[in-house]
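What TrEMBL lists as domain 'Peptidase A1' is 47-384. What TrEMBL records for Asp65, Asp258 is active site. Residues or ranges marked as disulfide bond in TrEMBL: Cys188-Cys388, Cys247-Cys412, Cys299-Cys348. The annotation N-linked glycosylation site is assigned in TrEMBL to Asn321. Annotation source TrEMBL lists transmembrane segment at 422-447.
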Amino acid sequence: LRPASDSRQQEDPLGNGEGLALASDPGSALNFLAMVENLQGDSGRGYYLEMLIGTPPQALNILVDTGSSNFAVAGVPDPDVTSYFNAELSSTYKSQGIDVTVKYSQGSWTGVLGTDVITIPKGIYGTYTINIATILESENFFLPGVKWHGILGLAYNALAKPSSSVETFFDSLVRQAEIPNVFSLQMCGAGLPVSGSGTNGGSLVLGGIEPSLYKGDIWYTPIKEEWYYQVEILKLEVGGQNLELDCREYNADKAIVDSGTTLLRLPQKVFAAVVQAIARTSLVQEFSSGFWSGSQLACWDKTERPWSLFPKLSIYLRDENSSRSFRISILPQLYIQPILRIGENLQCYRFGISSSTNALVIGATVMEGFYVIFDRAQKRVGFAVSPCAEVDGSPVSEIEGPFPTADIASNCVSSITFHEPVLWIASYTLMSLCGLILLVLIILLLIPPRCQHRYTDNDVVNDESSLVRHRWK
């Protein structure tokens, strides 16, 4: 395999001279063709992989999530899951006796860390020992109708709970199977009903890239920091028109690629600008605000294709060559999503974009248009057009470039990135400091008046400058 001349399609994603076979190698643990269409699911409830856990093996469906780092499965019966991992029935399970709690943007769970062996019927060949959390309690995590029984966190160990010392699933595979530190993901749900039959296809390729899963060139953008798959977004366009926002708005406080998030989530200021631009450029005269907020559906006659009424949405990412960018574009078939059929005549749709308070999240709404390469070895994320991103025989995603970045700031990402543990430490420090100040103030209030300093007219503290007043305002 030869090195590529630029940052587009690269046939040696590791760039280390050893090469990474793009075609399947039946003589090794890597047989990429065996991993094609090893996922099922949809953008509404996630894409999942069948996995065999323990001895004798117990078959479970595991949600593929690039936005977290723990591998966890239901460990007790739950009304919303059809199966669970019974650790007592596995002769190879070993409990570590460590409690772990993980919170997501929606839902949370608490369980116990342990280890056991896993195999993936349509994945990498072999059996491997993996850290696994058995979920004993959860809240809004397993939801009605989901067909998965656990979660496969594929992000970096910085996000692993209870600490980054917990080796992640993929790190364990790389170490034990000696595969390249790369995986790639295709989710095939474009134009299909959200939360439908759950039989949409998809592929998780562990250890490399399968050529049949993409068309054209692969475009790479650097990973800014190894916790989430954090990338740098330079600008957004709606219908070819730049939103004209400061590029730092798109990365507030981070921009990540997350298969476990169903929608394209945008910081509030960016979301408002996108909604305004879509409403202005669409051919729909009036739209209820409830449609944009996600509380209402929009319905058309089933013979109509409302997608022609809406504009294309483009996201510009910084290229590996920082003086260039490329754009990934999704047509409305990806963000105006069929979700419900009413009677025989009406098809209803939801808005596949929502607002976020803490991140721009490239979720399934966008990822269903692309084959996404998570090249951890080269610290970059690649995008290529996915052949399954078609509706009525026409592509619904595009990649174009390169474009110059002379008119964009050299760095659109804040130089200070607070990881969750740092935020906790800072919070506790501030709480302790505030408590200490409050204690001093209470003591001063309790000191007899004769011992207190007597203020002169020049040093009276009035209400407007009172610390106590402003603390409790």
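Heads up, the Cβ atoms here are built off N, Cα and C, so glycines get one too.
Features recorded in TrEMBL, as mapped to the structure shown.
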residue	record	CB count, 10 Å
Asp65	active site	22
Cys188	disulfide bond	22
Cys247	disulfide bond	19
Asp258	active site	22
Cys299	disulfide bond	16
Asn321	N-linked glycosylation site	12
Cys348	disulfide bond	17
Cys388	disulfide bond	18
Cys412	disulfide bond	21
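Considering only the recorded positions Cys188, Asp258, Asn321, Cys299 (disulfide bond) has Cys188 as its nearest partner by CA-CA distance. Summed and averaged per residue, pLDDT over the domain 'Peptidase A1' (47-384) gives 93.
Nearest in space to Asp258 (active site), taking C-alpha to C-alpha distance over the recorded positions Asp65, Cys188, Cys247, Asn321, Cys348, is Asp65.
Here the C-alpha separation of Cys188 (disulfide bond) and Asn321 (N-linked glycosylation site) works out to 30 Å.
Across the fold, the C-alpha of Cys412 (disulfide bond) and the C-alpha of Asn321 (N-linked glycosylation site) stand 15 Å from each other.
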